[in-house]
Structures are given as C-alpha cells and as structure tokens.
C-alpha cells in the first residue's frame with residue numbers, strides 16, 4: 001500500500017480524509033488482527049511492558065473482589081420479593097451457571113491470547129475493527145458509569161454503618177436539575193485514591209484488594225451465620241400473609257428464571273480479570289483457576305446469603321431495597337447493631353469492586369489505544385510502575401467528575417445492557433474462531449448458524465416476556481427450544497472445527513457457548529426501556545466517533561506501517577502455535 005500523510009495534519013487533510021470515508025470504512029471496518037500481531041506488534045506500541053506478577057490466587061481475589069460488591073445486598077431482596085420467593089437460592093445457582101459459561105469463553109481467549117485487551121481484543125481478532133470498537137466503547141462507558149454509581153453508593157453504605165445520614169455527606173445545589181444537584185465529595189476522594197493505587201502498581205493493587213476482600217468475606221460470613229442462627233426454617237415455605245402464594249416456589253419456574261435474570265448482574269465483574277492476562281505469571285495455569293475459581297466461590301457465597309435472608313423473614317416481608325439491613329433494623333429487638341455491621345461490610349465490598357473495575361477499564365482503554373482507533377497516548381505503559389498510567393489517570397478523573405454530581409439512580413439506568421451485549425459478542429466470537437480459519441474456511445455456514453440461533457433465542461425471549469400464559473405460550477416456547485436444539489445439532493454434525501486450542505478450551509463445543517449466547521439474549525430481554533435508550537445513544541455516538549476519527553487514524557497507522565497489511569492481506573507466521581490455521585487472508 002502507498003504511504004500517505006496524516007489525516008489530521010490540517011483542515012484540508014481532514015476534509016480530504018472525510019471525502020474518502022466510504023473507501024476507508026470498506027478497508028478498515030472488517031479488518032482483523034491476529035493473535036500473533038496482538039502479542040507482538042500491537043503490544044509493543046505501549047513502549048514498556050507490563051510485568052507478569054500475578055498468580056492464580058491474585059486472580060481469585062480480584063475476581064471475588066470485582067463481583068461481590070454492594071449489588072448483592074440490594075438485588076437479592078428485590079428478586080426474592082417480586083419474583084422468586086425462597087427459591088431465590090436456585091435463581092442464584094442458575095445465574096452462577098450462566099456466569100461460568102461466559103467465564104469459560106473469556107478463559108479460552110485469555111489463555112490463547114494473554115493480552116490486556118479482554119473482549120475488545122477477542123472481537124477484533126474475529127469480527128474486525130469496527131465490531132471491536134463498538135464493543136470497547138460500550139464497555140468503557142459501562143465501566144465509567146457503573147464505577148461512578150458504585151462510588152456514590154460507598155458514601156451511602158458507609159454513612160449507614162457509622163450512623164450518619166447520606167444527606168450530611170453531600171452538598172445540595174438548588175440551581176441544578178434533580179438527579180445532578182447533590183455534590184458527593186467523598187465519592188470523588190474514593191475514586192481518586194483508588195486511581196493512585198492502580199497507577200502505582202498492579203501487584204500493590206492486588207495486595208490492597210486481597211486485604212479488603214478478606215475483610216468483606218468475613219462480614220458476609222458473619223451475615224450468613226447470623227441469618228441461620230436468628231432465622232426460622234418455616235420461612236422457606238410459609239409467607240407472612242396467608243393470601244400470598246406459598247411453598248418454596250411461590251411463583252413457579254418463571255419466577256425462578258426471572259429472579260436469575262435480575263441477580264445475574266451481581267456476577268458482573270469477572271470479565272475485568274481477563275484484562276489482567278498480560279500481567280499473569282503463567283496464563284495457561286493461572287487464568288482458568290483464577291476466573292473459574294472466583295465464579296464458583298462467589299456462587300456459593302451468594303446462595304448461602306440468599307438462604308440466610310430467606311430464613312430471616314418470609315419472602316413477602318422482605319425489604320426489596322435493603323433486605324439484610326431491614327431484617328436487623330428494628331430498634332426494639334436489640335439487633336440494630338447487625339445492620340451497622342452489614343453497612344460496613346458492604347462498604348468494603350464497594351471498594352474492592354471499584355478497584356477491580358478501575359483496573360479493568362484502564363487496560364481496556366490501553367489496548368484500544370494500541371489499535372490506533374483512539375489516541376495512542378492512552379496506550380503508554382509507564383516504565384517504572386509498568387501500569388497504563390495515562391489511561392488510568394484519564395478514566396479515574398472522568399469517573400470522579402461524574403460521581404461528583406450524578407445521582408445513583410440516574411447512573412444505574414445507564415449500565416448493564418452494554419456488558420451483557422459484550423458477553424454475547426464474546427460467545428459468538430469464540431464459536432466463529434473455532435470453526436473459521438480465515439483464508440481457508442468458508443465463514444458463511446458459521447455466520448448463518450450464529451444468526452439463525454440468535455434469532456431463535458430472540459423469539460424465545462420475546463415469547464417468554466410478552467406472550468400471555470396459556471397453551472399457546474407453552475407451544476411457542478417448546479417450538480423455539482426444539483428449533484434451537486436442531487440448529488445446534490445440525491451445525492455440529494455438518495461443520496468441522498477449523499482449530500482446537502492447544503492449552504485450554506471450552507468443552508462440548510458448540511453447545512456451551514450457544515447456551516451462553518441464549519442466556520445473554522434472555523437476560524437482555526429482562527432489562528428496562530431506559531437501558532435500551534442508553535445502548536442506542538452511546539452506540540450511535542461510538543459509530544459517529546469511529547466515522548469521524550477512528551477509521552482515519554487507523555487508516556493512517558496502516559499506511560505508516562503500524563499494521564502488517566499489504567494489498568488487503570495479512571501475513572501470519574505459519575509456525576505461530578497460538579494461531580494455527582491462518583495463512584494469507586483477505587480483509
């Protein structure tokens with residue numbers, strides 16, 4: 001390809017670049033990188049390397065810290081009171097299985113390609129630059145918004161633990177609109193303090209997380225023991241109101257699955273561990289143990305917490321917003337001190353989840369910077385700390401600015417859908433990568449399979465959520481299940497795998513990732529309207545940024561030799577063990 005100047009050297013250059021946007025989109029949007037490139041040329045753009053200092057126990061601690069935040073103290077009550085009743089224990093087990101399936105998909109990619117890019121890199125090596133940019137942009141926005149919400153929640157829980165009202169922690173400004181008129185300085189301090197820790201070093205961040213996580217687990221075990229000691233087994237089957245549905249499954253199977261959809265969000269956080277793959281001492285051994293081990297431990301803790309809560313009160317008396325604090329909150333029965341302990345434990349959980357999430361968001365931004373679709377300044381790794389200081393500091397300040405003004409409820413409407421969308425994309429990318437070797441394998445059978453399976457899953461989800469109960473609904477759900485199973489079996493029998501992982505792979509291909517695809521679509525169907533408004537808005541904004549900036553920066557980098565492309569081809573080392581099956585392939 002002929003060399004060309006920068007698209008941003010002046011207004012005339014930029015307008016000429018805009019005029020060439022269709023051709024540049026055609027060239028760059030579907031261009032894929034390879035494992036070899038991600039592990040060598042792309043990684044080298046950060047300058048200094050990240051140090052491999054993390055072991056499997058660090059990853060387990062970071063995974064637990066990322067997942068066990070304050071969410072479990074809220075979602076458990078709401079899911080039990082409105083959907084599942086005492087069977088919320090089963091809901092958590094189902095949600096844990098869903099999380100494990102997604103975690104398997106992440107693990108296979110992370111072991112094969114241990115770089116800091118997580119889902120962004122996984123999608124980039126399969127579906128190309130534009131799909132990866134859309135994935136990464138939504139992830140970054142979800143991380144920033146949820147971290148700001150978590151920081152605001154920290155002051156609320158800490159206030160309840162020490163007996164100070166949240167209103168006394170915040171300064172009201174009457175000239176600003178509702179939802180943006182309470183200044184929370186303590187949330188900003190918490191975000192900036194954690195930003196300094198993660199800039200200082202990943203190993204040091206892991207030690208801080210391990211200490212906070214151990215303290216948090218001790219608080220959780222205390223809550224579980226108090227619940228089993230103070231609770232009553234009859235509350236598993238008998239509601240307080242005789243007119244309420246009774247039994248362990250008061251709302252039947254639909255209630256169990258709707259409860260699972262709600263509490264699944266309590267598991268989000270394990271994906272941040274995959275962004276640390278570049279800093280793991282032995283990725284082949286440590287990543288599978290770290291990711292899977294953390295999900296298993298968290299599932300057990302969540303199920304025990306749900307059982308404890310169900311024993312404390314009949315499900316129809318549970319406080320949907322603060323179930324554990326509400327159960328011990330009475331002034332006259334001498335148990336109010338337990339509510340204060342719960343607030344302190346939740347505060348530690350918030351700090352650990354915030355630390356792990358901010359580690360993850362910085363590494364996503366670092367690798368997005370390596371790909372040249374955002375300024376390469378974000379990709380720089382500091383030579384002394386071996387951390388992406390620029391990305392960490394920028395996102396930390398951005399998160400702190402949002403946490404300063406924006407109310408928790410406003411932020412919570414803006415998170416979750418992007419993360420579930422990314423889980424869905426990673427599961428699809430895994431199937432595509434196993435069954436398609438670019439340049440040698442026809443991709444259309446695999447793409448057709450993924451599209452038809454997703455459409456069937458969407459039809460099942462719409463039927464489940466919107467069709468009234470009756471024989472018609474049962475027939476439609478059964479028909480969708482049969483069709484989906486037949487599609488998977490037909491694909492399994494007719495399309496051979498193009499490559500198999502050398503070190504660690506998801507078993508029972510393609511069944512496990514397909515179950516993950518279905519479950520993520522099903523969970524997406526349970527989210528509210530504002531979530532979809534947010535997703536459409538930020539996705540449209542991401543597309544605009546890509547068209548106006550990213551595709552041109554990427555095109556310039558290709559012309560300058562940053563990408564190994566020539567005449568639309570990418571050369572891959574035949575001996576590269578991590579990417580067997582590639583040769584020359586058109587993009």
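Just so you know, glycine gets a Cβ as well, placed from its N, Cα and C.
Curation does not apply to TrEMBL; its annotations are automatic.
Quick look at what TrEMBL lists:
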| type | residues | note |
| --- | --- | --- |
| TRANSMEM | 56-76 | transmembrane segment |
| TRANSMEM | 88-109 | transmembrane segment |
| TRANSMEM | 121-141 | transmembrane segment |
| TRANSMEM | 183-200 | transmembrane segment |
| TRANSMEM | 249-270 | transmembrane segment |
| TRANSMEM | 291-315 | transmembrane segment |
| TRANSMEM | 335-360 | transmembrane segment |
| TRANSMEM | 411-432 | transmembrane segment |
| TRANSMEM | 444-467 | transmembrane segment |
| TRANSMEM | 473-491 | transmembrane segment |
| TRANSMEM | 503-525 | transmembrane segment |
| DOMAIN | 504-554 | domain 'Cationic amino acid transporter C-terminal' |
| TRANSMEM | 531-549 | transmembrane segment |
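Sequence-remote contacts of a segment are chain residues at least 6 beyond its ends whose Cβ falls under 8 Å from one of its Cβ atoms, and for the transmembrane segment (291-315) they are 56, 59-64, 66-68, 72, 76-77, 80-81, 85-86, 88-89, 91-93, 95-96, 99-100, 103-104, 106-107, 110, 217, 220, 223-224, 226-228, 230-233, 235-236, 238-240, 244, 250, 263, 266-267, 270, 273-274, 323-324, 327-328.
Averaged across the domain 'Cationic amino acid transporter C-terminal' (504-554), pLDDT in this predicted model comes to 87. Highest Cβ pair count under 8 Å relative to the transmembrane segment (335-360), across stretches 56-76, 444-467, 531-549: 56-76. Secondary structure of the domain 'Cationic amino acid transporter C-terminal' (504-554) per DSSP, as helix, strand and coil residue counts: 40 helix, 0 strand, 11 coil. Within its own chain, the transmembrane segment (249-270) has Cβ neighbours under 8 Å at 63, 65-67, 69, 71-72, 75-76, 78-80, 83-88, 90-92, 94-96, 98-99, 102-103, 106, 239, 291, 294-295, 298-299, 302, 315, 353, 356-357, 416, 419, 464, 522-523, 526, counting only residues six or more beyond its boundaries.
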